[in-house]
Amino acid sequence: MGNVVAMILAGGQGTRLGVLTERIAKPAVPFGGKYRLIDFTLSNCVNSGIYRVGVLTQYRPHVLAKHIGIGRPWDLDRKDGGVEILPPYVGRNESDWYKGTANAVYQNLEFLEENDAELVLVLSGDHVYAMNYNDLIDYHLLKGADGTIACMEVPLEEASRFGIMITDVEGRIVDFEEKPPKPRSNLASLGIYVFNYEFLKRVLIEDENDPNSSHDFGKDVIPKILRENKGSLYAFRFDGYWRDVGTIRSYWEANLELVLPVPPFNLYDPNWRFFTHSEEMPPAYVAPEARTSTSLISEGAEVYGEVTNSVIFQGVRIGKGTVVKNSVIMTRTEIGENCYLENVIVAENVKIGNNVKMGVGEDAKSKLDPKIYTGLLTVVGMNSTIPDDVVIGKNCVIGVGVKPEDFKTKKLESGDFVLPREE
């Protein structure tokens with residue numbers, strides 16, 4: 001195996017996650033009680049023995065850069081190799097932003113040269129999965145491919161959300177369509193690629209000089225390689241757990257899968273650990289009057305109420321008489337006494353008063369954005385404060401940084417929203 005360098009695409013805005021990504025990039029979104037989404041890709045790298053990693057940031061990079069730091073939690077603080085944050089290059093003839101996924105890697109060819117790359121892994125930093133990249137690389141080398149794309153079969157009705165490929169009997173890709181309205185196959189790209197470096201360099205330079213390209217791997221680079229027969233691309237079929245948590249519903253579902261009696265995604269595998277940078281906190285405390293079942297409760301949490309089928313992050317406090325069901329409550333959120341929360345996602349550093357009810361009543365279409373907020377789930381943005389005695393229905397949205405005075409009424413009907421007043 002040649003020298004492998006991983007390039008993690010971590011600049012995504014994640015607009016379909018609504019208020020959850022208003023202030024942070026999608027790869028920085030908290031997940032699973034203590035992690036951020038990028039932790040899974042970084043952990044897969046080090047568990048696969050890949051210690052040369054570039055993280056390509058763009059949209060709101062501050063939280064992500066602070067989280068990764070010098071890479072110590074992932075054993076990536078190394079003199080030889082390690083992790084490097086790669087923001088867009090700003091020069092006299094360059095824009096401040098990467099123009100697409102392919103352009104992002106193109107702008108960092110120098111980083112690949114400096115690290116003597118022979119094979120380049122191009123990875124998304126916002127999916128939840130466990131993969132030994134050596135299996136992908138071994139398959140790539142066995143086939144003598146120029147590039148190999150990890151893929152899996154998805155339900156045909158969902159296929160139009162993915163890059164879809166058609167292969168021959170040998171596994172060679174003969175056609176690729178990015179998010180086709182009428183898919184001819186259900187073999188979906190996972191956004192995980194390995195390329196021979198010299199081949200990748202050549203096609204990226206060609207793509208950069210193409211005025212008609214949007215400089216995206218799925219939309220432009222991969223289809224052109226196939227269309228013009230520029231190289232051999234193979235499909236590596238992955239049969240493990242992989243989730244695209246790019247919508248509010250899929251994010252909520254993937255979190256709650258973790259509390260199933262036999263979860264499809266194992267956070268506890270001693271042979272494939274997931275690492276993160278998190279604050280040191282004392283053990284979780286469950287009070288004598290508290291009741292908990294089928295939940296993840298992270299360190300530093302204090303539970304004085306009832307928690308069922310939920311994911312409770314670090315430093316969360318749940319007051320006496322409060323009931324939390326089917327919900328995701330993120331770091332350092334405080335919930336007062338005698339509250340009721342069901343089917344709710346609450347972001348970081350939220351303060352919820354006493355006697356607050358959330359996720360109650362009949363479901364209704366979102367008045368804010370029905371394409372993003374598709375029903376059932378009520379979402380609260382980070383750094384918000386919800387005053388005492390407020391009743392909030394289903395499919396409601398509380399924006400980022402909302403203050404008590406932003407609530408014009410004590411009862412928010414299902415589908416309604418509260419946003420912070422513009423200063």
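For all residues, glycine too, the Cβ spot is worked out from N, Cα and C.
Straight from Swiss-Prot, the features:
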BINDING   TYR98, GLY163, GLU178, LYS179, SER189  alpha-D-glucose 1-phosphate binding site
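Counted over all residue pairs in TYR98, GLY163, GLU178, LYS179, SER189, the record's binders of alpha-D-glucose 1-phosphate, the longest Cα to Cα distance measures 22 angstrom. The Cβ of GLU178 (alpha-D-glucose 1-phosphate binding site) lies under 8 Å from the Cβ of GLY163, ASP216, GLY218, LYS219, ILE222, PRO223, each of which sits 6+ residues away along the same chain.
In the three-state DSSP reading, GLY163 (alpha-D-glucose 1-phosphate binding site) counts as strand.
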